[in-house]
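Participant: Let me give you the structure first, and then I'll get to my questions.
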Ligand code: APR
């Protein structure tokens, strides 16, 4: 069987990390595209030269010709600009709106059958724009945010409970931003929900509230520390988990930004909800019951995304 082909649009910090992880996991061959073709080609060559040392077979190339992505099974989009200190993800809207149009055209022309994962921020509106402009089916165009947000939540919960990250599950919904909705009721340590762990005296509500707040601002915390650019290791790992579930038909249940068509009472925009990712792309959208507070938080998050979509439309790009 021929190797799978994975195209990376954007060969910056996340793009380079994606290529490295894809190689280490032997998910397939990699084509990197960037407006700076030399950067894409240089990173591809550098990572490929690590393959004899690490023992993986993956052919990697890079450049600035969209024709090279032809026939890709998966396309992961990071093209655009990252945040700098003091910027919110939403501040990137104008800068990255034009980029999405070019990327959508490239994918439509050369890889219309691919499963497309968008990472560029502001995520929920950028993935919507990518789907609308490329015309690809909505079940094949998804946004990476929830896997990252829940990974952050899991990291902090594991630290709090002093247990392995492997035994912590977390449930995060809504838009990728300050309004994201971490559902503690569905977040567990080895199946025991967080509210029960509070009752058991393992932690306190105040400490969980602080963790929820840190999770919602997890990206900003890193932007502030890095001083130039934004997080890239965990975002790349999260997108690779989504790509792997598609390529291997694993049918993992992952929180992803997807187009809602009536689910959760919402229509025609992208927001983060749990979905099953398999060979058919988004195979199922999982609808959970909300409490009144959870519904209010989810609606608020959806309103923030809808506002960004209308701001995007007003740009007329
Ligand atoms: N087409 C292709 N590549 C582009 C384009 C374009 N029109 N415009 C910019 N790029 C490239 C840049 O040349 C750069 O190499 O996108 C790459 C972005 O890389 P970084 O600046 O290192 O940003 P990164 O940290 O990878 O984040 C990319 O993901 O998480 C989001 O907020 C983040 O929107 C940002 C994106």
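Positions of Cβ are set from backbone N, Cα and C atoms, glycine also.
Small disclaimer: the values here were computed from a predicted structure and weren't measured.
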Participant: Kindly point out which candidate in 96, 139 is recorded by TrEMBL as part of the NAD(+) site with 10, 11, 12, 13, 14, 15, 34, 119, 120, 121.
Facilitator: 96
Participant: Which residues of the same chain, at least 6 positions away in sequence, have a Cβ lying under 8 Å from the Cβ of residue 14 (NAD(+) binding site)?
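Facilitator: Counting only residues 6 or more apart in sequence, the Cβ neighbours of residue 14 (NAD(+) binding site) under 8 Å are 78, 119, 232, 235, 236, 239.
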Participant: Checking the recorded positions 10, 152, 176: which ones have Cβ within under 6 Å of ligand 1?
Facilitator: 10
Participant: If you count other C-beta atoms within 10 angstroms, which of the recorded positions 89, 152, 176 is the most crowded?
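Facilitator: That would be 176, with the highest Cβ count within 10 Å.
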Participant: Which whole-number value in Å describes the distance between the Cα atoms of residue 176 (active site, proton acceptor) and residue 10 (NAD(+) binding site)?
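Facilitator: Taking the Cα atoms only, residue 176 (active site, proton acceptor) lies 20 Å from residue 10 (NAD(+) binding site).
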